[in-house]
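Below: the structure, in C-alpha cells.
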Amino acid sequence: MAPARGPSRRMQKQGPPAPLDESRIGGKRKLAAPTNGAIKKQKKGGAPSVAKAKFNGGPKHAANSAGKASTKGSFKPQQKPVKPVKPLMADVEDVDGLSELSGGAVVDDVDVMEDELSDVEATDVLDLDDDELGSDADDFANALSVSEDNDVVDSDQEVQKGVWSEDEDSDAEEALTAANIAGLSQRLDQQQAQADAEAEAELADDALQTNIAPADLDMDGDEEGGRASKLAPDLQLLRTRITETVRVLSNFKELRDPAWSRAEYTQAVLKDVCAYYGYSPYLAEKLFSLFPPLEALAFFDANETPRPMVIRTNTLRTHRRDLAHTLINRGVSLEPVGKWSKVGLQVYESQVPLGATPEYLAGHYILQAASSFLPVMALAPQEHERCLDMAAAPGGKTTHMAALMKNTGCIFANDASKDRSRGLIGNIHRLGVKNTIVCNYSALEFPRVMGGFDRVLLDAPCSGTGVIAKDPSVKTNKTSDDFLRLPHLQKQLLLSAIDSVDHASKTGGYIVYSTCSVTVEENEQVVQYALNKRPNVRLVSTGLIFGKEGFTKYQSKRFHPSMKETRRYYPHAFNVDGFFVAKFKKVAATPADAVKAQGTPAEQARVSNVANGVANGVVSGEVDADVGADDEGEDGVVKLNAFGGWDDEEDAKYIERSLKKQLRRKGIDPKSSKSKAVRALDPKKVTGDVSLNGSEGQGKGAGENKTE
Ligand SMILES: C[S@@+](CC[C@H](N)C(=O)[O-])C[C@H]1O[C@@H](n2cnc3c(N)ncnc32)[C@H](O)[C@@H]1O
C-alpha cells in the first residue's frame, strides 16, 4: 500500500495551518531527519496510512501482540484486550481543541502589518571579510546541498521580471510562485514514486531485521541475556502502540479498558514516546502535558522534521521582489513565506549555498527562522525611537528592528556574551545597520546602565524546547534544574526590561518578552511573575495575526485572564519553530525603591548566582488572578505600594536554598560549620565565580543558539 501523499513539512507554507488530520500523526518516524538546515531533494516522509498502521498492529493486532507481551508484564494497557473501536479518522475530528489549531487572533495593531519594504536602494554594498559574516554565515554556508537538476527552476528572467514588476502584494506574486514551483512539483512527483518503492522495501527489510515477533519484544530491555535486549526497539510496533494508546486517551470514557486508569495509560504512552522519539522521561512528560494527547503526538512528530528554511529580506538594502528575482535566477526555488510577513521568503530548494551568495554577502538578506520575525513584529519599533534589545546576539532581531526603524533613532543591542556579540557586530555591518550601539552588560544591570527606552525587546535565553527539530540534544539534556534556573533568570531579566522602559514615552512604552521554548515555566509563569511584581504593566495584544492564546490555566496553576493576549507557536500547528510572545504596556513608573533593590550588589550577586545554576527553589506558579485589577485606583493610577520587592519571603527562601545547594556542589556541608556556611551564604562574599558583566550570568539554554 502506498504511503499517504502530501507535501513534507519542509514544503508546507508557514503560518495558519490546515486542521490536523490523521495522516499527520500516523507518519513513520524519520530515523535520520536532517537537522543541519540542508535542503535536499525531498523524499516525502509521507505518513503511512491508518490502514497501514492497522495492518502492522491495529486494534486487533495490538490486542494479539499485547496478549503475548503480557506474559512479560512490560506494557500494561496493551496487555488487556483492546475493545473494537471506530476508525481513527473519525476520532481525530472529535478531539477537543484540535479545531482550534488554526490561529484566530484579531489584528488590532495595524502598523505591524503595514508594508515593511523600504525605499532604500541596494547600493550600499559592504566589502566584508570572513569575520564580518556573522555566525549565520558559518552555520549555513555549507548547509545547502546543490541540486544536480536545473530543469526545476524557471530562470527566464524576462518572464519573472514581468511577474514581479508591480506591487509586491499582488496576484503576480502567486503567479511567480506557480511558475517557480511547477517544475519542482513535477519532479517531486517522480521522486515520490521512487521514494514510495524504496520506503516499501525499507519497511520489509526492517520487518525482517527487527519485527521477527513483535509481541516477544521486551520494551524494558530487562530480559537478561535474552534476545529482546539485543534488538533495536521495534519502531513500527512502538508507533502502533502509541497511536492506539493516544486514541484511547483521546476518547477515554468510550475506549478505555476499565481495569486501567488514565494515569496508567499515560505512563504507558510516555514510556513508548521516550523509546520511539528519544526523549528523557522528564521532558517527555513535561511536553506531553501541554497538549491533548493527540496533539502532543503531532507535536512530537513535528519535532522530527526540520522547519522550512526562511530568509528575511533586509529592506535597508533591497526589496523582497528584487531579491526573489535575483535568487530565482541563481537557481533558488522560493516563495513568500505567507501573507503575515512582507519580508520573509521560504526556500524550497537551492542550487547555491544561501549563506555565501553575493546577495548574502552584500547584506540583502539574513537566514532567519520565520518565528523569529514575530517578536519584532509585535514590538513594532517606530522610526526615531530609542530602543533596547536586551539579549541581542547574533542580531537577527536587532537588524530586523533597525530595518523597521529605517535606520533612524537608536537601538542599544546588548548581549552578555562577548563571543556571541562578534556575530552580532558582523550582522550589523553586513546588513548596513547604522543606528545601533552594541554593548556587553548582563541585562540584569539595566536600567542602572541606562533606561528611559521607548521599547525594549527581551528575547530571553531559554531551554529551546521549541527548536528540538534543530537541536535534538534538547530531548535529553534538559533537567529539572534547568527549568528552575532558566525561569528564575528570565523573571529577573523581565523585571529589568520593564524598569528600563519610559512609561511616558509618546510613541511607545512597550516591552516584548519572547522565548523559543514552549514550557509554561519559561513563558506564562514568567509573565505572571512580572505582572505580580510590576503592577505598572499590562498585557496588550501582540498584533500578530496567528498564534494560539497563552494559557490562563495549566494544571493547578491559574494565570491572569489577560494571559490570553500572549501568543504560543508550535511546529505542528504552524510549521514554525515553537515560540512564545508577550507584549506589555507600561502605564506608570516603577518606584525608585523597587529599581534600587534590583540594583544592589547583594541582589546582583544573588541573581547571578542563581543564573549560574545554583537555583533550586520551586518557583511558585500560584498567582493572584486579580493582580493588576486590584492595584489600580479609581483614577486608573497604579498604587505603587503594590510593587513586589525581590527580597520578599518567597525569594528569601529561594535564595537560601539556592546558596545551600551551591555549597553542597562545592563539597561544603552548609550545616557542618555554621560560621563558614553563613559566610559563604552571604551573597557579597560569593564572588569567585560570579561576574555581572561577563557571560557568566547568562543562561546556558540551547535556545540561545537557536535563533537569530
Ligand atoms: C535567544 S538568544 C538571543 C537571540 C537574539 N535575540 C537574536 O534574535 O539573534 C539569548 C541571548 O541571551 C544572551 N544572554 C544570556 N544571559 C544574558 C544576560 N544575563 N544578559 C544579557 N544577555 C544574556 C545569550 O548570550 C544569547 O545570545
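Cβ coordinates are placed from backbone N, Cα and C, and glycine is handled just like the others.
Record check, TrEMBL: S-adenosyl-L-methionine site residues include Ala391, Ala392, Ala393, Pro394, Gly395, Gly396, Lys397, Asp459, and the candidate from Asp415, Asp419 also listed there is Asp415. Your range for region 'Disordered', going by TrEMBL and the list 148-170, 470-492, is 148-170.
Here the CA atom of Cys516 (active site, nucleophile) lies 14 Å from the CA atom of Ala393 (S-adenosyl-L-methionine binding site). Cys516 (active site, nucleophile) has a Cβ environment of 31 other Cβ atoms inside 10 Å.
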